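What follows is a set of notes on a single structure, which appears directly below.
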Amino acid sequence: MVKESKFSYNSKDEKKYSLGKTFRGDIFNVPETHDMVRSLFDPTVKKSVSDYLIVLSLFINGIVYYYSPVTWRIPVFIVLYSFWRLGYNLGIGILLYKQSKSHSMFHWLKQIQINGGWAKKFVELELSSKLNAQQLNSVPDEFKTWIVFRSLVNLILMNDFTTYMCLVFACSDGAFNQSLSLIFLRWVLGISFFIFNIIVKLNAHLIVKDYAWYWGDFFFRLHNNEELIFDGVFDLAPHPMYSIGYAGYYGCALMTKSYTVLIMSIFGHLLQFLFLNYVETPHIEKIYGDDNLSENTISVNKRDDSVFIGTGGKPLVMLTKNFNWLRTNDIFTVVLALYASIVPIFLPASYNNSIIILAIVVKIGTSFVLNSVLYLQSRFKSWTLSFIKNYGTINISILDNKELLERLSFQNWTLLQNNTLVLNYSMLFTISVREVMYNEKFWQTEWLPLRFILAALMILGQFLTVHQMIDSIGLFGWYYGDFFIGVLSSHKSEVTTLSRSGIYHFLNNPERVTSNLTVWALYLLFNNSNKIFLVIALLFTMNNLIVLNFIEKPHMVKLYGEQNVLKHTSGIEKSINSLFLPNHVQGTIVKLSGSIDKVIQDSSKVIDEFIRNKHNQKPKELSLKKRRNSFQQVIELIRGSTDDTLTINLQELNDQGQLQLLNLLRKDDTDFYNLGDPIKVEWNMEDHKGKDKAWIGLYNIFQTSETRTKTLVSSKGYWIPIHREKYINLSDKIRNEEDCILEDELNRGVVQFSAELLPWVPGTYELRLHANEKHEVLAISKPFDIVVKKIDVPTSDDIGDERLEDFANKLYQGFVSKLFPAVESIEDESNWFLQMHIKENARQVEKLCSTLSQSCGVHLTKKAIVDEKCLKDLSFKISKLRKMLDELML
């Protein structure tokens, strides 16, 4: 982030002055100033006493380096560098902190001018060297304070750099005691880092000029410097002068091959971040506005509050954030982490391979579950629908509040995602600790200290990035909230586009780069001792790519549009293009990236279409289709067969009897009965002799298609004798009732399958006429389907009693009266309760549950049915469910 400046005020161009404004409100022209190097070393620029003292101190550093014993150089310059680095980050930090809070440096200067003495003379001499007489009279004391402060900054920063470079030279003795290839690689990378550092610093100074370089906004404001903007290297990384602006440190460590240089570089860099966090950032927030009070941050916080209100509070993140001792889920997560990361550590070394395999299996399993949930939720709202099935059908009051239902289902998802994430990283911790404890090869690894340092930095990088991501997109974004929740009514004006603040300004998908840093850090640390860490790293990386390209990206395009998702240029991309890449190279990269995106999109569409087709065909429909196709294949094989014996058997079937379906329905060239409707069949036999005890069975055609001359499977009780009097000793009295055998003549008759003689499973069926108490087939009916009749569910907000009763009566006549004849009406509470709770009726209740779910297009549980007082109340619940499902699928 940089301060916008439309005027140049520190270089000789057509506009030498810009307006400044003190915190007291005084307006003044800002005189021209010069950068640090030019102020000290350009002979055309007038020098002050402090400039000569600074140059002298630099020569003293060189003299100390030259004359100090070789064995003393490193410790001497460690001390000197530490002194100047602390002078920078601690000394300047304290001065700026006090200046920000109470303008203390301004008051000190005023006090010096009042008290007089050598300090006043020194300040006047310093100012007269930097400003002419006219400028001295026109600029306010705040600007004069800044000029004096610049001299102190020049002293500290130049000595900080010089002592660091002296330390680098002192530690360079072992820079060339390696193989030529490694030396070449180290120096190429080191020089590249150093040059990159110089480019970043120069570009940063070109943009922010002396005003920001010397913390001018601690002393006064520029009139045209009202807000923070992003430009140049400030698009490349957050706070580039303090982050990537220290790449040269690590380049020097590479060139010298010195752990001392590396550790001191990390030390200096860490102090710089502390300076940024405790000095600069609070002042930036004070002057330019707090990031936490920005429009995006406020919107993100409001959205999180809206989503998690009434659901137990904000969910746990990474074991510590939002932890609540009174929430069982949080305690469970911590116990899970402790159990998975500590208990396995104390198992014998012989368990190493088993634990590693378990970690891989856990990662594959949890990834499959999470990815499947996200994919199906994006396409079909499957997670929310499942939640409605298991919770909404029990608590009907929730069906009046779509937002609450979505929030509750989302809360359950956050628990699943967080626990699986904790479990996976706990397992990684376990196998890493066991590798250190039990694998002797690990301690023989080359460059082990360097590996430890780099691994720690990579893990820290992922940790900090995750926090920045959560700060930018909130818990809602971290947990893929827009997969589960639409725009909240209380939040319609908030966060309706993708967030481009924080880390998302620099990277479109920071998780693509940073979410796998930990596993690759472990690979870097352990790859010499155990190659399985490469498999683990690749597994995590592949899963990340699958989620981003095949699940998250298509969903984001669907919600926010292709232009906003695929065509947006990140800050890093813009900066690299403008600073390092020619136009023709940029064009080639754009084309290549577009080609890769197209391949990914095409692959995603193919997978999406395949799964969508499978999902849209319900299991029952697939089963019916499979069975019907199987039957047709069997018939075609039979008809096309040249087997003489088979032909004779078929002819015998036609001659011995016939079965004619009487009340068959037909639609779209398909013969069918509605589930529960009686099936009437007329039978005929020319030769009745010896067949008095013939019977007709009802079979699923998929089970009987293997043979046409003999039935090899049980009828499962779905059968009727053709003559009532021939089965007088039949224990099953239902088959002796008159509603089963409607007509009974010698050579013909009519029977009816109804009530418990009907299968309550949709499918393709046939009727078979069998010989006396045997399974030899005399005749077979043509195949027909038994289907569930679809009943329109009223879903309007103002559904009245009349429409509700009409709907309930359709359910009663279509299904309930056939399964539970004792229930007399839709408001019969006593018989409904009795029938629903009789143990012997459990199977009938399950049939009703399945049938109503298919007929009404909702997912009902057995508990959802038995908990209602009567059928009318159940109908009202189904109406509410259907309305909720329709709203979710919009």
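In case you wondered, yes, glycine gets a Cβ from its N, Cα and C as well.
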Worksheet entry | In Swiss-Prot, Lys201 and Ile287 sharing a membrane side | yes
Worksheet entry | Segment proximity, the transmembrane segment (532-552) to the transmembrane segment (355-375), 3 or more C-beta pairs under 8 Å | yes
Fill in: Result, the transmembrane segment (52-72) in contact with the transmembrane segment (259-279) (3+ CB pairs under 8 Å)
no
Worksheet, complete the sentence: Other same-chain positions with a Cβ less than 8 Å from the transmembrane segment (180-200) and lying at least 6 residues past its termini are 233, 236, 240-241, 244-255, 257, 579
Discussion item. Checking distant contacts: for the transmembrane segment (151-171), what same-chain residues at least six beyond its ends satisfy Cβ-Cβ under 8 A?
Written reply: 36, 39-40, 48, 50-51, 53-54, 57-58, 61-62, 64-65, 73-74, 77-78, 80-81, 83-85, 87-88, 91-92, 95, 126, 214, 249, 252, 255-256, 258, 260-261, 264, 268
Discussion item. Can you work out which residues elsewhere in the same chain, 6+ from the ends of the topological domain 'Cytoplasmic' (249-258), have a Cβ less than 8 Å from its Cβ atoms?
Written reply: 164-165, 168, 171-172, 174-175, 177-178, 186-187, 189-194, 196-197, 265, 268-269
Response to the item:
The correct DSSP tally for the topological domain 'Lumenal' (490-531) reads 21 helix, 0 strand, 21 coil
Item to complete: Please indicate, using numbers and ranges, the residues of the same chain that are 6 or more beyond the transmembrane segment (331-351) and have a C-beta under 8 Å from a C-beta there.
Response: 316, 319, 323, 325, 418-419, 422-423, 426-427, 429-430, 433-434, 437-438
Discussion item. From the DSSP assignment alone, can you count helix, strand and coil residues within the topological domain 'Lumenal' (201-227)?
Written reply: 16 helix, 2 strand, 9 coil
